[in-house]
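Input: a single structure, listed below in structure tokens.
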């Protein structure tokens, strides 16, 4: 199952297509479990557009950056708990039952958000959907991996990544569809319950992971499922490999115990598993600290930072990034087993760092070239509408749009051209209406900029580099790098590290942009990405096409990059990079 006995001589995607065409049952398993990735992606993307309209409905959210960050990040906090509990549930109750429970929790969370009368209720709903997402984020790839032949395992696990990015793209489409519907954000968040309901129905009719069944001594059930996945000539080989791995697992449990604390202690005390954890945690933490979820959670806000004021325009342009992310996942399915997980991640990181540095430069240029403030234009409106900080500033003649926004006010652009000096006014919904009544554009999150289109272009390039490598490879690595007896526990630890990193990034992004500006924030992420690149280079081996025993052998010997080795010790199936 996890360790197949043949390797595709073409790309794994081609082999995957051929195998699933002959055995559609495999794709049915992968797609049904992969809807967990769709939940993950939808929740990631939908809040970015919904937040714009939640701010309009609740003034306290609009005025408090920390409240906006909390609404976004509480789903991540819930996911941390969900991922931690999910690791235990996977081993105790099975992969299928864990997915079903995740769907129930997610569905009720979506309903709570849709009917929320106050921000704190939205936060409660976000915690519930986060619990469901956290459980699904580690269970879905694990289920797919254990129900897939090794020769197409990478491509099928990539379907989970494809559905994550597909869910993000779908969320932006739905956000755009509901921009002019009464209840806007309520519909955006409530629709999230539908894929959870669909997966629940599909999973009821699917079996448990054959590996988990065999571990529970339900051997005939496991054999029956394997007979639907493998050709008859391969079934006995898979049964023998599975039996050997289970016996080894039981031997380890007798030595270290079978409760979660004993397994965590055993994982870190075992040098092979510990090295696997170093690699698995490294790729998961790096995936978040490249800043991807600042783009996915706050994409319309970032587009507004670049000078596009309209909510609808910001959401529409955000479709570009989510669409490219989905396309990148398809590319990953075709190349992850031709070029390898490690090489794709390293190439991906070089592109990410380059784009982040360029984005930093673009936002810096936009800030220093933002339109000036016209004193006469500001006083054109009623006196109590002019920004108080501007009227009392000693150096008000040097103010530009960016100075106005930093004072927590808003910029009302000149009627003739957005790039000409405009008014600095109090930031409120009513004042914005006065500005728009004069056929002017109202800027709250960013300033008019001739460089804005460059920001959108390089955000797109950032996604193009991210998606095929860092977008999908970390999840594949974590489904392959751990010994079977520790897979549930270590997968949970790595998933928790991913969500903790996600929480840090999502909870601090808006605060960082206020403190460092958009330019400084993207440059900071470039620095984090450089550290992540170095860590991946030194700690993460290639797992492409390797059987579980071969991965364990690589980790037992201690991985070193080819450049830092003496004489190369070859391991069957290992390709050095």
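Just so it is clear, glycine is given a Cβ too, placed from its N, Cα and C backbone atoms.
Unlike curated records, TrEMBL annotations are generated automatically.
Per TrEMBL, the feature domain 'Major facilitator superfamily (MFS) profile' maps to 29-544.
Per TrEMBL, transmembrane segment is recorded for 29-54 (among others).
Annotated transmembrane segment per TrEMBL: 66-85 (among others), in sequence order. Residues 43, 47, 51, 54-55, 60, 102, 105, 119, 122-123, 126-138, 297-298, 492, 495-496, 498-500, 502-503, 506-511 of the same chain lie 6 or more positions beyond the ends of the transmembrane segment (66-85) yet place their CB under 8 Å from a CB of it.
The annotation transmembrane segment is assigned in TrEMBL to 97-116 (among others).
Annotated transmembrane segment per TrEMBL: 122-144 (among others), in sequence order. Same-chain neighbours of the transmembrane segment (122-144): 29-30, 33-37, 39-40, 43, 47, 54, 70-72, 74-87, 89-90, 95-96, 98-99, 101-114, 116, 156-157, 159-160, 189, 192, 196, 209, 475-476, 478-479, 487-488, 491-492, 494-495, 498-499, counting only residues six or more beyond its ends whose CB sits under 8 Å from a CB of the stretch.
Residues or ranges marked as transmembrane segment by TrEMBL: 156-178 (among others). Cβ atoms under 8 Å from those of the transmembrane segment (156-178) belong to residues 16, 26-27, 30-31, 33-46, 48-50, 140-141, 144-145, 148, 184-185, 187-188, 191, 195, 296, 299, 312, 315-316, 318-319, 322-323, 325-326, 328-330, 332-333, 336, 467, 471-472, 475-476, 479 of the same chain, restricted to positions at least 6 beyond its ends.
Remote same-chain partners of the transmembrane segment (184-206), defined as residues 6 or more beyond its termini with a Cβ less than 8 Å from a stretch Cβ, comprise 28-29, 32-33, 35-36, 38-39, 42-43, 46-47, 49-51, 53-54, 57, 96, 99-100, 102-104, 106-107, 110-111, 113-116, 122, 125, 129, 132, 167, 171, 174-175, 178. According to TrEMBL, the feature transmembrane segment maps to 184-206 (among others).
TrEMBL lists 344-364 (among others) with the feature transmembrane segment. Sequence-distant contacts of the transmembrane segment (344-364) (same chain, at least 6 residues past either end, Cβ-Cβ under 8 Å): 283, 286, 290-291, 305-306, 332, 335-336, 451, 454-455, 458-459, 461-462, 464-466, 468-471, 473-474, 517-520, 522-523, 525-526, 529-530, 532-533, 536-537, 540, 577.
Feature annotation from TrEMBL assigns transmembrane segment to 451-477 (among others). Sequence-distant contacts of the transmembrane segment (451-477), counting only residues of its own chain at least 6 positions beyond either end whose CB sits under 8 Å from a CB of the stretch, comprise 141, 154, 157-158, 160-162, 164-165, 279-280, 283-284, 286-287, 290, 292, 295, 299, 302-303, 305-308, 317, 320-321, 324-329, 331-333, 335-336, 341-342, 344-352, 354-356, 358-359, 362-363, 365-366, 369, 498, 540, 543.
Within the chain carrying the transmembrane segment (522-540), a Cβ under 8 angstroms from the stretch's Cβ atoms is held by residues 275, 278-279, 282-283, 285-286, 289-291, 294, 341-342, 345-346, 349-350, 352-353, 356-357, 359-360, 363, 477, 512, 516, 559, 561, all 6 or more beyond its ends. What TrEMBL records for 522-540 (among others) is transmembrane segment.
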